[in-house]
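**Student:** Features from TrEMBL:
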type	residues	note
DOMAIN	28-133	domain 'Cadherin'
DOMAIN	134-242	domain 'Cadherin'
DOMAIN	243-350	domain 'Cadherin'
DOMAIN	351-455	domain 'Cadherin'
DOMAIN	456-565	domain 'Cadherin'
DOMAIN	588-678	domain 'Cadherin'
REGION	750-805	region 'Disordered'
REGION	824-901	region 'Disordered'
SIGNAL	1-29	signal peptide
TRANSMEM	698-718	transmembrane segment
């Protein structure tokens with residue numbers, strides 16, 4: 001660019017004009033430079049990096065590059081200083097021909113982020129082409145009889161330059177016969193001619209030599225010459241003459257061969273052969289014109305014989321000669337200008353300049369994905385191109401500069417919904433009918449780790465039998481990740497915590513890839529009934545995402561513990577029980593009680609007692625309660641009975657297979673005065689149930705009030721904690737599933753929150769609760785029952801099938817509990833009736849009315865539920881005498897039973 005500086009007012013105006021021009025260029029997003037053609041290699045063009053606002057240090061990292069469609073490497077940028085310079089020879093005439101405007105369009109592209117700039121470099125013309133005539137010599141034959149002012153057309157010179165450099169002036173060498181005709185003002189008419197100013201005389205000058213010089217308007221001026229050899233002919237006086245000297249014809253492009261362009265007509269005043277005219281193209285007509293048109297020598301019709309393309313040439317100039325057949329032929333001339341009309345015969349051209357693929361699914365809106373260039377070789381409306389995109393896609397086309405578009409992101413992407421888009425870009429011109437072209441591009445959406453692994457359920461319940469082998473596969477967890485590749489690779493691990501005194505990883509492990517959960521050691525139902533833990537699933541993305549699933553592993557009980565006899569009270573020898581019984585006791589007298597527990601649960605812990613038959617077939621006057629273990633007399637003792645009896649009691653559970661234990665009881669018959677006081681206390685407790693019941697009611701009322709107060713306090717404290725701290729999921733969270741098991745003797749349920757030891761051991765001890773409604777007969781009914789004990793013991797019955805008790809009622813080793821036999825028969829009007837089940841104490845000195853858990857239950861239980869009801873509809877229940885509703889028996893875990901006063 002060239003500038004000249006003045007002073008004062010003129011300088012300020014020029015500066016203001018330059019500022020306005022720079023502001024206008026920045027607003028249009030492009031730069032303009034200029035350079036002269038034929039500039040030397042390395043010629044400075046402009047500081048392109050500085051003008052684009054780019055730092056020199058970021059040119060190489062951002063992949064600064066310059067592209068020029070079809071222009072080769074005429075211009076280059078020095079990445080060290082950001083200067084645009086001439087790289088190779090620039091010939092304006094080769095680039096743009098005779099176009100008035102000539103510029104090189106550059107596309108400057110940088111990445112990270114992707115940007116494109118448009119730069120126009122104007123190529124200034126210099127006067128480097130002299131005028132050129134079609135030939136170096138032209139021969140003219142002119143009859144001497146031609147009148148003055150006759151015109152003889154000549155083909156003018158052409159100059160490849162433009163503007164002032166192509167403005168030609170002609171000069172004819174000095175002579176007395178001819179002068180130059182003034183060139184036409186019509187741009188399409190480039191020719192000139194000679195005008196005869198003096199009559200010719202062949203005898204005086206048969207040949208005339210002239211030099212025609214053409215000079216352009218450049219600085220310095222360049223010239224071209226042609227020699228004119230004029231031969232003076234004798235004879236024929238009249239030359240053929242056309243109707244007009246200039247014809248203009250409009251011809252659509254792409255017309256078929258043989259199409260008539262124009263029919264010329266020339267006349268000659270001579271007669272005979274001198275009046276016959278032959279039409280032909282002048283020797284000055286270009287070969288390209290002759291290849292596309294043909295003239296009939298007789299009729300003068302010009303027809304098309306080649307491909308006419310508007311984009312190749314917009315017009316053709318044809319010089320036609322009409323020559324008569326005289327001995328000295330004369331000729332007439334005319335010009336035919338054929339203007340080619342444009343048709344919409346070119347399909348738009350689509351080209352993707354740059355692609356930034358794949359695109360991340362979290363890419364921001366407006367991200368540039370591709371640059372698209374469109375063009376159409378047609379002109380005017382036929383060359384106006386508009387672009388459109390496949391509908392209903394999260395992308396759009398944005399016009400950036402002339403026929404350039406950017407493909408940008410228009411809405412958010414989600415690879416999990418659509419992983420790739422097949423986009424079709426359509427370019428349509430404005431012709432009628434319009435033509436269009438399409439280009440397809442596949443846009444792949446790159447995955448981002450935005451989906452955590454998900455389990456099918458938030459919680460799984462697994463049942464495993466105890467005593468499993470180490471490494472036993474108990475369950476397989478599986479999580480799916482909607483992401484792809486490494487973002488979808490899921491690995492599994494345990495959420496480590498403490499289970500009692502041990503770490504969770506000492507119980508179970510999970511395979512990191514398959515999700516298989518293994519038990520590392522044999523599980524013991526008596527030690528751990530419920531193992532609740534979490535398995536974490538994490539993907540391999542960055543950053544990794546994960547989720548947890550809760551597994552509740554219920555350890556099912558197996559009959560692996562035999563009944564265990566409790567230590568006998570003082571007085572036993574060698575593990576046996578010694579009892580002294582007076583001879584005077586009656587039938588049904590309780591002699592002793594065998595106490596046993598089973599570490600198993602449920603049906604496997606339900607114990608029954610059997611008395612082994614004596615040796616020698618001797619009938620002994622004793623029996624044992626099937627489920628109570630109480631040894632009582634079956635009849636009144638007499639002198640025939642032996643004074644000492646060795647009783648073997650077989651204790652058996654109900655597992656499969658059943659396990660047993662044997663207890664030995666030594667009974668000695670003594671006189672009444674030798675009976676121990678303990679027996680007296682046992683009898684007194686049996687005959688005074690009403691007094692004991694009153695004591696029980698008092699303690700129950702006190703316990704209910706205490707527990708109610710504790711419950712209210714607990715609820716208030718729980719509400720306060722819930723409001724002050726966010727909820728956390730712990731190992732002791734209440735579980736949902738409940739297992740209900742049934743057997744021939746009853747049913748029980750497993751509840752995940754029933755035992756403190758299934759948790760991590762962190763929380764306060766829980767309170768045991770038992771609810772039941774037994775029917776307690778009065779003292780008279782109790783006496784009747786004692787009197788009919790022998791008959792009832794003879795036919796023991798199993799407990800009512802409608803018993804419901806929790807599987808958490810486990811046997812402990814510090815106290816024994818037994819279910820009182822439910823098969824006591826009582827004579828009545830309707831025949832023998834079955835008494836409803838009651839619960840009795842297993843303390844060394846039982847008291848009437850005390851309650852305890854059912855068979856196999858330990859005092860540590862915290863979820864006791866009893867439901868009483870008749871097992872057989874055909875059997876009638878007991879006739880109520882006096883009923884006392886006992887609602888709750890509460891005992892805190894870890895506290896021993898308090899003896900009543």
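Start at 1 and count along the chain as shown; that gives each residue its number.
From the backbone N, Cα and C atoms, a Cβ is placed for every residue, glycine too.
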**Student:** When only pairs 6 or more apart in sequence are counted, do the domain 'Cadherin' (28-133) and the domain 'Cadherin' (588-678) reach 3 or more Cβ pairs under 8 Å?
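**Tutor:** No, the stretches stay apart by this measure.
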**Student:** Over the domain 'Cadherin' (456-565), what is the model's average pLDDT?
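**Tutor:** It averages 93.
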**Student:** Between the domain 'Cadherin' (134-242) and the domain 'Cadherin' (456-565), are there three or more CB pairs that fall under 8 A, provided the residues in each pair are separated by 6 or more in sequence?
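**Tutor:** Contact criterion not met.
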**Student:** Take the domain 'Cadherin' (456-565) and count its residues per DSSP category (helix H/G/I, strand E/B, coil), listing them in that order.
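**Tutor:** DSSP classes over the domain 'Cadherin' (456-565) add up to 7 helix, 53 strand, 50 coil.
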